[in-house]
């Protein structure tokens, strides 16, 4: 039956900011849904607070609202836009929860909006643990022994029945937030307390432990005529007990017999029927007890998910796009498969003749004090995917694409160390982020497959594959470089060994191994992902490399080609913003008639969608892989400045190998990144910088520090996201830094900068074409200097800076752009103190603020800069004027501290945010209030506020206190702060610090006395002493600021109503056009 004609407009709910457990896979699914529904002629209205997404670009929908995904705000949008239907299955848990709330509040009924893609009842039945259990029993499927609790008393009763160890999961949360495994009563009570707090329905599911069972997932698509297909089966390499988002996963499932697979296939279809998913994709998770084969259903998600993004990329079957069309009434047999050029219908189940491996990427090094063991609560921040013809090839390709310094199974421990075996055993038993490497180490240390299995519960089939690779490595090392015959090398390359890994094993340089391989004429061939195991020919060029005979890449040569290098797996400091830039480069150059080639290995992103570029190579962004693709494609130009540090690190070597890099030259990039060369340029231009020095030893550092004066910002050169960057307050601190952190940098010195306390930090994005400079936007940070720019909220236009100061910055940016010969994008960071402008740093590449500036001003910076790189001047593009919008846009960040109990949630020079939201308003206050609502800060309008500030902030705290009183807050203060306020005639209630006796701050936070806390500190000891205040504020959901500037901005925002007015991106950009006219 064709599409529904009773609906004309559809509201799509997005997923909001990127958090652990819900990343950019929902930008990929949302963008697909927008495209699919618009090509069917529907009017599409989109709401998503995440500005860094492709789906919130103005061309993607008819009306785009970058507004908080909060039911009251969405009600305003529904009232204004009057959609006929709402599609809630594209935005993860956030969208489902919002849709249920709109239903509950009667908003959908009030405006006559139908829910499509899933019914409220089906969502509830899948998400409500008790209803789900009953439904499974009804169709004869087993679930884990479990019970439901709404308070501690009920929880303990369930535990008595289920026994320890047991698994605790809160309802309606995602990424396993608040859950965990309890081995005893003490742990049980702690996890339950946290879980009850985090579940919106105050409900816990307590399950028997399935630790050590095997875990499988089925990606199922069903239409309203009950056609069901399995897009892909996925097997978890790691056994139950580790969240599937933190597990290494493999597709298709490798260790099921056909009979077991058929049973699971039928069961997953039965689950969709019973839950009532009539249109679209779902994922069903199963667990199998390896001892007796008992099969149970763990859960199902009635929406597209992280796994469906992986399944889409693994098979080439666009689940989100098909699901969107099914939601408006199509059936699977009516839809055609794009990849085979319509030669097969969508009801044709994909079959694949290769193996796909996904490995998660973790960032524990950014969270000192975090528990880095893997449990049922998700902690990874990104993932890499690789495709190979065998499990071994696929696994080794994924390991090198992860960018954690491994080129394959590099050893983690030295076998000479007497503690080696103890350490290996511990790492195998209690899995951390690096367990896969310790498994290889275990085989090196002589453990047997059974021995490793008993500690890890990883299926023996996978272990045998790894053991074989370790034995091969041993023979490579033994034979040396002369033993690498043509035959042996081909064998090794087919097993997925990288040149760099072989080089390490034989003790040679990577270039020598590559030279030898070229001498043998050994190169990879490229196979296509075609959904049908080569049964039909394919129209899309979606490729992966392997060492076989026949190459299917068939490059074309009639159009000029440009290759874009992506950013690899997401991590803190290099996320979706860089993918956004890569996608824009591809889109702009395609519009201009270039053939675009994308190279990336991140399965969550829009850049790895088969129709974003003309040709997609799903490959790791490493020197070896990129050189091979360049060899076969011969592009006119390669863009390295859009994918963050990943491609930039390769720029020099690519250039040396004769690869044509376009845009800013690698040498110019180096001039900005290398401290001494940069200093020369700055001195030549006569610009001001904070007093600084470059040192290579601890003695030098101590000597220079005395001259510069404390506090100092210390950091290694060449890092992204402030890795290993700290503020040190005295010599003891400095010495500790050198002992703990200095090994971060490769032969590079450490930089000391005088720390400008209380300065206002500013980011400027600009584009230079060699003749003129276009200022994209000047963003004023809300948190003062010393907080990493990626963790600070910022405003465009600036909200306190004078026009004169901004003009000084404009002139300096222009001088720097010409001095450094920038071609394309650049980002400059300044600090302003006492009306003086100091230059902090220059990055001649795409910065993470590019999507924000593009949305706020309507100028697609990444597209403009891509055109500059291929030789179109700014004048030819008609892009000469900086745009200062007639409204405020504020970007606020989202931090993952709730996933890492034990970590101090204070902002500092090392970046730790995972995502961001944007708020738009007529005033700064209105925009910031929306950004706060969008980031789910939970700020209340009144109540009791606690002020506890450091010495340097005391002169400004009186003003903040007065503002809060005016807003109707009652005030508490710690001793030093109270004295200052008292002198100004404000008398707060005095509270004890923890060491001053009870009742102290901690008690009062636990009792729920505060709605707001401002706590600023300086100096390592003071920060350590006040850590508990911040941890408790986070745990008890009290909004807190760790900078005074943040406090002032919050006080301003309290005067505004974030649900008062909604404005679409299209209306915002129209205002700019009118203003120009």
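Counting begins at 1 with the first residue displayed.
Yeah, the Cβs are placed from backbone N, Cα and C, and that goes for glycine too.
Summarising the annotation, Swiss-Prot assigns ATP 1 binding site to 129, 169, 175, 176, 208, 210, 215, 241, 242, 243, 285, 299. On its own chain, residue 285 (ATP 1 binding site) has 215, 216, 217, 244, 297, 298, 299, 300 as residues at least 6 apart in sequence with a Cβ closer than 8 Å to its own Cβ.
Its Cβ placed at the centre, residue 299 (Mn(2+) 1 binding site) has 19 other Cβ atoms within 10 Å. Here Swiss-Prot flags 285, 299 as Mn(2+) 1 binding site, drawing on sequence analysis.
Secondary structure at residue 299 (Mn(2+) 1 binding site), taken from DSSP and collapsed to helix, strand or coil, is strand. Taken from Swiss-Prot, the feature Mg(2+) 1 binding site covers 285, 299.
Residues or ranges marked as Mg(2+) 2 binding site in Swiss-Prot: 299, 301.
The Mn(2+) 2 binding site annotation in Swiss-Prot covers 299, 301, and the record cites sequence analysis as its basis.
Counting Cβ atoms from all protein chains shown, residue 841 (Mn(2+) 3 binding site) has 15 others lying within 10 Å of its own Cβ. Marked as ATP 2 binding site by Swiss-Prot: 715, 754, 756, 761, 786, 787, 788, 789, 829, 841.
Its own atom aside, the Cβ of residue 829 (ATP 2 binding site) has 19 Cβ atoms within 10 angstroms in the protein chains shown. In the three-state DSSP scheme, residue 829 (ATP 2 binding site) is classed as strand. The Mn(2+) 3 binding site annotation in Swiss-Prot covers 829, 841.
Here Swiss-Prot flags 829, 841 as Mg(2+) 3 binding site, drawing on sequence analysis.
All protein chains considered, the CB of residue 843 (Mg(2+) 4 binding site) has 19 other CB atoms within 10 Å. Annotation comment: Swiss-Prot describes 841, 843 as Mg(2+) 4 binding site, evidence class sequence analysis.
Marked as Mn(2+) 4 binding site by Swiss-Prot on the basis of sequence analysis: 841, 843. A strand conformation is recorded for residue 841 (Mn(2+) 3 binding site) in the three-state DSSP classification.
Per Swiss-Prot, the feature domain 'ATP-grasp 1' maps to 133-328; the stated evidence is sequence analysis.
Annotated domain 'ATP-grasp 2' per Swiss-Prot: 679-870, in sequence order, evidence recorded as sequence analysis.
Averaged over the domain 'MGS-like' (937-1077), the predicted model reaches a pLDDT of 92. According to Swiss-Prot, the feature domain 'MGS-like' maps to 937-1077, an assignment based on sequence analysis.
Taken from Swiss-Prot, the feature region 'Carboxyphosphate synthetic domain' applies to 2-403.
The region 'Oligomerization domain' feature in Swiss-Prot is assigned to 404-553.
For 554-936, the entry in Swiss-Prot reads region 'Carbamoyl phosphate synthetic domain'.
Each of the binding-site residues 208, 215 was scored by how many other Cβ atoms lie within 10 Å of its Cβ, and the smallest score goes to 208. When secondary structure is read from DSSP and collapsed to three states, residue 215 (ATP 1 binding site) falls in the strand class. Between the C-alpha atoms of residue 756 (ATP 2 binding site) and residue 129 (ATP 1 binding site), the distance comes to 53 Å. Look at the region 'Allosteric domain' (937-1077): DSSP puts its residues at 71 helix, 22 strand, 48 coil. DSSP gives residue 285 (ATP 1 binding site) a strand state. Across the structure, residue 208 (ATP 1 binding site) and residue 841 (Mn(2+) 3 binding site) are spaced 54 Å apart at their Cα atoms.
Largest Cα-to-Cα span within the ATP 2-binding set 715, 754, 756, 761, 786, 787, 788, 789, 829, 841: 18 Å. Non-local contacts of residue 301 (Mg(2+) 2 binding site) by the CB criterion (under 8 A, 6+ apart in sequence, same chain) comprise 126, 282, 283. Residue 843 (Mg(2+) 4 binding site) sits 9 Å from residue 829 (ATP 2 binding site), taking the Cα positions as reference. Here the C-alpha separation of residue 715 (ATP 2 binding site) and residue 841 (Mn(2+) 3 binding site) works out to 13 Å.
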